[in-house]
Amino acid sequence: NLFTVLCRKYRPTAVMVGGTINGRDFAPRFAARLGTGCTSDATELVWDPKTTDIEFVEPAVGGKMMAVITVPVARPQVGTIRPGTFKCVPCGARAHEVIEEHIDFPVADIRTEILDFRADDLDESLNIADADVIVCIGNAIKGADALPRYRRLAERLGGKLACTRPVFDRGVLPFKLVIGQSGAVVKPKLLLSFGVSGAVNHVTGFSDADVVVAVNTDPEAAIFNYCTYGIVGDMDEVCEAMLAKLGE
């Protein structure tokens with residue numbers, strides 16, 4: 001109600017909402033009240049200064065393709081943005097007016113009541129978004145039996161294990177460890193990529209990584225176009241060599 005009142009007063013061109021659990025719940029209901037459209041989980045925004053339309057680019061069909069969605073007539077354009085998609089950019093020394101609003105809101109209009117609160121038990125090993133070091137496994141992995149060496153490498157480097165979407169589709173690792181347009185966007189200082197082909201919907205998930213080391217048996221693999229250092233070789237053998245070098 002409060003946001004609806006403010007939007008009807010100031011008539012913004014667009015309203016962006018963080019693609020969090022609360023944001024994904026809020027945005028579509030807010031857009032429906034204003035009679036406008038809402039897009040979800042955008043990973044890229046393209047603005048047309050002539051029409052003021054925004055192209056919301058977001059994953060579709062399980063991350064296998066990208067959809068471009070616009071709201072050409074209704075305003076404001078409402079969309080949720082996938083967390084971690086954009087860098088924080090300084091706006092410079094520009095003066096900004098702070099608008100203070102006092103809005104009357106009947107407490108009786110609140111139709112929800114919190115009866116209880118229970119904190120979830122968070123498995124930190126599944127939280128890869130803020131990891132400084134990531135060991136990412138691609139579809140070349142032979143199966144779950146081959147995972148222990150990569151887990152050990154991640155642990156020795158003080159990092160987290162992650163994977164591509166096909167690895168999740170095979171049931172080898174859980175979805176929370178997927179990097180890419182259909183998964184997490186990460187910005188590690190070091191990313192070790194083993195057996196990853198280099199599909200666009202995956203590499204956009206780590207485009208801001210400081211250093212990327214890629215390992216693949218195919219010297220023509222696309223992943224080598226996105227890495228800092230490339231190693232042509234068997235992923236298991238290279239992993240074992242790294243563990244040996246680290247003193248295991």
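Note that Cβ sites are derived from N, Cα and C of the backbone, with glycine treated the same way.
Features reported for this protein in TrEMBL:
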- 6-100: domain 'Electron transfer flavoprotein alpha/beta-subunit N-terminal' (DOMAIN)
- 127-206: domain 'Electron transfer flavoprotein alpha subunit C-terminal' (DOMAIN)
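As a summary of secondary structure, the domain 'Electron transfer flavoprotein alpha/beta-subunit N-terminal' (6-100) carries 19 helix, 31 strand, 45 coil according to DSSP.
DSSP labels the residues of the domain 'Electron transfer flavoprotein alpha subunit C-terminal' (127-206) in these numbers: 28 helix, 17 strand, 35 coil.
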